[in-house]
């Protein structure tokens, strides 16, 4: 799934700060500074919207009301960003259909945590199918495909790839992978993690997608579709 976020914010400095920060966290960002532009940008199918309350012309609340009436876009989650901080404002925002509410000023790290929490709630818990580029996983059937060609993996290799694709662009140490995949089995050593990483890459290699599993020196491993980090 494309990690595309629409930022609707009329203050240029704030909008550009958020856009730069999220781009560094591997989100695709599109921007709008007013209601009319946001309506046009929504056609680019963002998966989440960061929305300022006070916009030129019409308000963020009116934007939410408009979106919720559009069948194609009604399910897109919305996080409201605003200087309005009263209890009544928060209730009005959430009742209008926003999924979360953050008051200005805010920490970029808090914003990121809120985005990821909404993302997990809306997408990860509902989805039984993960796709990044042309590599996809059917969670229910425990099958992996690249361009509709099935890739045969062992149970452990599948668990490893599934975990990585659930958490793209994040670096995990061998210890963390032991905990997540092998649940701290005392008989499993760090070398076992390295061995399964090699096996997984070997099985992905015939499909030219082994580079998704990347080594981060001194830290561990990550899943990334960015070719600049190709092994």
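The backbone N, Cα and C atoms fix where each Cβ goes, glycine too.
Annotation comment: Swiss-Prot describes 4-119 as domain 'Response regulatory'.
Swiss-Prot lists 52 with the feature 4-aspartylphosphate, giving sequence analysis as the kind of evidence. Every protein chain considered, the tally of other Cβ atoms within 10 Å of the Cβ of residue 52 (4-aspartylphosphate) stands at 24. Taken residue by residue with DSSP, residue 52 (4-aspartylphosphate) is part of a strand.
Each residue in the DNA-binding region (127-225) gets a DSSP state, and the totals come to 41 helix, 24 strand, 34 coil. Annotation comment: Swiss-Prot describes 127-225 as DNA-binding region, evidence class sequence analysis.
Here the domain 'Response regulatory' (4-119) is broken down by DSSP into helix, strand and coil counts: 54 helix, 24 strand, 38 coil.
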